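S.K.: OK, TrEMBL features for this one:
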- 19-280: domain 'NADP-dependent oxidoreductase' (DOMAIN)
- Y55: active site, proton donor (ACT_SITE)
- K72: site 'Lowers pKa of active site Tyr' (SITE)
- H105: substrate binding site (BINDING)
Amino acid sequence: MDPKSQRLRLNDGHFIPVLGFGTYAPEEVPKSEALEATKYAIEVGFRHIDSAYLYQNEEQVGQREDIFYTSKLWATFLRPELVRPALEKSLKNLQLDYVDLYIIHFPVALKPGEELLPTDENGKALFDTVDLCRTWEALEKCKDAGLTKSIGVSNFNHQQLERILNKPGLKYKPVCNQVECHPYLNQSKLLDFCKSKDIIPVAYSALGSQRVKGWVNLNHPVLLEDPVLHAIAKKHKQTSAVIALRYQLQRGVVVLVFNFELPPEDMKTIDGLNQNLRYCDFS
C-alpha cells in the first residue's frame, strides 16, 4: 500500500496519517531551510506535518492544502485563558483557519511571558502552577470552536494521562500521546496503557534523536550504530533507520510506513535493546 494513503483512526473519528514529518531544527539552522525541507517532505509523500510554537518556524511550514497539521501548546501558555490566544497565534503564523491536531507540548507549566524558556538570575527555570485539567477544558473549547479538529497531549506519563481521563465532565479524551520512543526507550508499559484507552502513541526521536547539544546527552550511544539493528538490517537488506521505524509501526505507533514486515523473532530481539534511555533531556 502507498504510504501516502495509510492512516490510523483517532478516538474522535478523525484519521491521522502514519507518515509524519517533524519540523524541529536547532537554532543555527536558517528558518528558510524549514520551508525547503517541508516542501521536499510533501513532494516525497509526507501528508502529516508536525510543528510547534516552540520551534519558531510555523510561518515557514504552513500554507499547505491537503496536509494534516499538528501544532503544540507551549508550556508558557498552559493557563486556561492563554490557550485559545496561543492557538490563534499559531494559526495566524501557519496561515490556516484550523489545525488537524493541537496538543499540550509538555505537562509542566512555565512562567507566562515572551521568553520561551524563562529563567531566574541563576539560570533556574521559572515554573508556573497550573491545573492541567483546566488547560484541557480550554483545549476542548478550542475544538468546539472549530480551531482544531482533534486534541491530544505530549510527554505525558501514565498518571498525568489518568488525571485527564478521570476528570469530572470530560468531553473529549486525548486522541494521542506524543512521546520519545525508540528501541533504547521502547515505552512498552505506557504504550500498552495508551492503547487500552484508545489513545494513539506518536513517536518522536524514533531514530534516537539529533545530536543537539543542550537537548541531548552526547555521551549516550548512537542508536543507529547498534550492532543488533545492523544485523537485522543486513538480514532484510534495509538500513538501521528503516528497521527502527518499521519496529514502531508494527507496534501501532505513528511514524513511517514501509513495504516489508519484521518477523516476531526480530521484533523480540529489538525489544531486548530497551535501556530506558532518554535522548531528550528536559531537566
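Just so you know, glycine gets a Cβ as well, placed from its N, Cα and C.
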S.K.: Which whole number is the mean pLDDT over the domain 'NADP-dependent oxidoreductase' (19-280)?
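M.R.: PLDDT averaged over the stretch: 86.
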S.K.: Of K72, H105, which of the recorded positions has the most Cβ neighbours inside 10 Å?
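M.R.: Result for the most crowded candidate: K72.
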S.K.: Just the number: how many Å between the Cα atoms of H105 (substrate binding site) and K72 (site 'Lowers pKa of active site Tyr')?
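M.R.: Cα-Cα distance, H105 (substrate binding site) to K72 (site 'Lowers pKa of active site Tyr'): 5 Å.
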